[in-house]
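Participant: Annotations for this protein, taken from Swiss-Prot, read as follows:
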type: COMPBIAS; residues: 22-46; note: compositional bias 'Polar residues'
type: COMPBIAS; residues: 67-90; note: compositional bias 'Acidic residues'
type: REPEAT; residues: 143-183; note: repeat 'ARM 1'
type: REPEAT; residues: 186-226; note: repeat 'ARM 2'
type: REPEAT; residues: 267-306; note: repeat 'ARM 4'
type: COMPBIAS; residues: 849-875; note: compositional bias 'Polar residues'
type: REGION; residues: 1022-1096; note: region 'K-box'
type: DOMAIN; residues: 1128-1502; note: domain 'HECT'
type: ACT_SITE; residues: 1469; note: active site, glycyl thioester intermediate
């Protein structure tokens, strides 16, 4: 079917200049450029890839599911089938069965007759006629038409005819009949084998006379090899199908290799010659370009290596055949053939087995510089995709794990027994030290990078094991320089602070080896970087006293496979003792003691002093900074002078000749002192509106202004240094846990709490006990009860309160009302769960703190899909029920009410478990005590509501810094990470408000007389790139957590997950935030993980996100009234969770292309200046007046036009409502908009407050003027305070030499004379006395009240689709990328890397080279037109060309005899460009430009 579809695509070429869209049958581009026979297509078995997945996993079981699961599914299928039967269908079914019986009987009779005729026929023409008829009958027969007797009788006859020497047609038809017989009646294979069919077919392949006969032999052998691989092997089928493989087409070559794959599954090491002789041919085939062919060859070689792994002689023979040389080419990232992940991992595993058993392979890998290839793999592979946190047993099938196993195999341990192979390997490395040094130079840096990146415990253990072996083997000083350059001491210090004993033991072993071999180099470094401190901490804590190795075994899933302990996960084979941990009980304590006593004795290290000179100096500066807190807060000058002096000394140390280590930076206390000084200690307190702490906020703003000036005085260098130090400190100190869930089998459970209902996942067993001393509550009489793990503690409160309360509820209503008010206003972007009856594992798409803090969340869990907004209309009585009245404790510690029961228990358990924990121990039973809540619930009220602090110019920055402050539970028992997080958040805020803070500093300097010229107020800032605030370690942890689908779907996520994303989203990469956003906003309907897909046969060992099954709705749009169509679409589907596909009136075709173009057209329609939505910027429209362009353009992007409160703007507001809905729906469906919004408008979307300085992003010239006027007002005010009004009158307050009164400014908004600046009228003139009111009026009209209604309208429209609060985790640039895709289109490197050439074209075809040159010559507008022509949108999604799905494909277009007269055509749903083979580049450019300009605006079928 694929080729027929392809044929149709190439022949039917109507309207060539028009874009093509898919009809109801989606177009799927072929991966092959050659046309093959129907039989060849039939023999490309779909099961090959499945086999590849299974076979490349060294620990995979044959079945992807357990027997019980299969039986349950079979029972379900039987039940479903039975439910479909009815009396009405029985007669039709009987008729069908009668027809099938009659047909089978007729076919059987025909076959019998043909068999008799063939047996007695000797005339070649008669035999040919009978065979033709036999093939026709067999091709339409069913299995019921044949029997074993018939197959047994047919087999010898067909085999005899297949050996016919004189007639090629008889041979061909006989072999074709054999092929059909295997297809129709698989049991016939046994009879065919019995009658020597395989030798006959092999003979025809070894002496090829007729190509079509040979091809048919390959088809037949492929069928037979599926059921009788051993017989094929013994008959020499491997060499038969491979001997002349070069003579066949690609499709037939695939059939031949499929035969070899089937045979290799049943290889036996007892008879090596049949498959060993084939290795040279297979190695040659690895050089071919066809991916499917090369993958199957790689699978064959992997199987052969498996069988030969026990024989060093056979492994050596494989190496001599060139297996290693050809295999390593496949690992090259620039290889012509890209292998699938399972096969790629299998090749790496094959190399490991070769190296393990063959000294020749070991030497060859080193001589080929395998370290470079492995380094490239490790450095480009996403560490977050490393060993699956849910399936550690399947880690061997993971790419990073396989690489590490090969690395460890290439570093042999010193032979302690009579092991000749190990001795040969070691002597080779001793005699070739340069090879080992090169291997170390390649691998050490990347392994240390992996250790620093937050890799899980399995990968960390592998890296450390390899480093330990490398340090033991190395005999030269090169390794010392490498370790010093990669700061190994700091890495070890961080590793030793972890909780897993396996990792700690290896880290201590590495430290011991380094001290033994290179004591002089590393002794001081270990002290400076904190290794000695970490060792002492181990000795003084319980981590060093007991072995917690068993903690890792708790991570194993329920499986029939043998699970290795972590310390054996990189060993070569499973053993009967693989579950026994090798670590002795006190191994950590013994090792740590030995290192301390052997290398850090009293004569070497004074433990009482315990400080380096650098650390002591920094400690003194930290104390001085803390003492500065005692100076009165309003003493600005004194504060500035002392802070300048202290900070300059700190920076001198950080930039000094002797570097400051991460350990010294942390231990000095500088971070805590700086955080306390800048925030005046508020960052550690709970703030409340109107509290005494708020009085100090203006002074705090001043401190941050001064600190900004200090950090950015010499560009971004100083700030970057501080950020890097803080990032290193955070990576070293943070121990945020990763929750490893095992995929518990879904089962029906009953949750008594909160509302007694069935769940499809396990419940928690909890016993609620009244707290000791609690007298106002009664005992809860029941024993253990089942609790829904997804409900919030407030729901448990709501359930228990009536059962344990003694006094009437009215007595507590008064104190509850305050909480009601606070709870109703809270917003959040955290991921919460909603277990709807239809899909209990989904993630709630309407997430807010209100829903989290209210027990009504549980009621919402069973609501119908159409009632998702019902919670917004809950009654006041329901709110009262949600007020927290009980306080819950587990083992004496209070549980956090903002979490689910599962999360609250999880948070408690994580404090005492290893760094990567498992949820199997969380099901219970648990004893939770309850008592009356004595205080109001924690509230994150807005300390900066609109209208507050009107005279405080620092309000936007302080609002950003303190409104969404760090959750106090992040503080925990460890202060340094909390201090670091606050400083990083502060620096990111300063970086984000850099123009604001620097402008304020300049205005104050002008006011104080430190600046004399208004031109000196001009600010040019260089912010630090956002990427510097991203913590790679936390991002990798977040990625790993998001990949754990069960934890995500059940809210089994550690609390830091939501806390950090809510308060410090800058710490995470844009890609990680995007995944979080989609889960939080849209839930598992958009990205759904299926636990049942993670069986042992999944060689990735990881959860595969698959597209959710959201329903699709088609919408008919009208191009002439595009906004009206958009309004109708949003009215119908805006608040529904459906994917919309657009088709146009009087046009055929629907799908991705028309839908993307629809959003592009709507985007342009919203830019119509006649709508009155946006500010005008006529100067930017080059060569076209606004009224003729139809699209408003602005140098700063689109920003709402100000409208006064008295203006009639209902139409404009409706347009903004529609715009908000369209934007939200585009985000929900993953569509790209072509809407150039200004940065300031994005800030409004994100809920940020704008100030006068944000006008810089709307109208830079207006902002410049306002800043200068503000500086004059500031100078006047300060002189008046110092010298009185008479003194102020004497100072120079002119505007560039002109008095304010002489400027003749009216009280009207510049550019909008109809907008009066209250309380004055347009007739009033501006003077020095009312200048401040004039400035406030302009700012208010431009970015505050003048646009407030428009912004509220936009947000209300957006909230109809999903909560706009979910966007708050992004910054303005990221939000623009989310909405509008990439700003840059594409470069030539991207074009070469991410465009596919097929169906007649390759990357070296002349027409393709013409096209690449033309694209390179295109200007930006032509590139946009080309993209819209091919994809439907002029913008690329985030990630550029690489993110296009399907991939942009260029194929040859077959049209008329003269290609130069044809136009290119496209299929936008597949991003498919059909390009005629033009005779010249000039002709192609002419036709392409004509097509992309004139071919827009309509869709027709190809």
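Residue 1 is the first one shown; counting continues down the chain.
Cβ atoms are placed via backbone N, Cα and C, with glycine included.
As the structure is a computational prediction, the values presented were derived from the model and not from experiment.
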Participant: What residues elsewhere in the chain lie close to the repeat 'ARM 1' (143-183), defined as a C-beta under 8 angstroms and at least 6 residues from its ends?
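Facilitator: That would be 39, 42, 100-101, 103-104, 107-108, 111-112, 115, 118-119, 124, 127-128, 131-132, 134-135, 189, 191-192, 194-197, 200-201, 203-204, 209-210, 212-213, 216-217, 219-220, 223-224.
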Participant: Within the same chain, where does the repeat 'ARM 2' (186-226) have neighbours whose Cβ lies under 8 angstroms from its own Cβ atoms, ignoring anything closer than 6 residues to its ends? I mean 6 or more beyond.
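Facilitator: That would be 39-40, 43, 45, 143, 146, 148, 151-152, 154-156, 158-159, 162-163, 168, 171-172, 175-176, 178-179, 232, 235-237, 239-241, 243-244, 247-248, 252, 255-256, 258-259, 262-263.
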Participant: Could you count the residues of the repeat 'ARM 2' (186-226) that DSSP puts in helix, in strand and in coil?
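Facilitator: So the counts come to 33 helix, 0 strand, 8 coil.
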Participant: Residue 1469 (active site, glycyl thioester intermediate) has how many other Cβ neighbours within 10 Å of its own Cβ?
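Facilitator: Excluding its own Cβ, the number within 10 Å is 27.
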Participant: What counts of helix, strand and coil residues does DSSP assign across the repeat 'ARM 4' (267-306)?
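Facilitator: Within the repeat 'ARM 4' (267-306) the tally stands at 27 helix, 0 strand, 13 coil.
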Participant: Let me know the model's mean pLDDT on the domain 'HECT' (1128-1502).
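Facilitator: The predicted confidence over the domain 'HECT' (1128-1502), as a mean pLDDT, is 84.
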Participant: Using DSSP, how many residues in the repeat 'ARM 1' (143-183) fall into helix, strand and coil?
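Facilitator: Tallying H, G and I as helix, E and B as strand, the rest coil: 34 helix, 0 strand, 7 coil.
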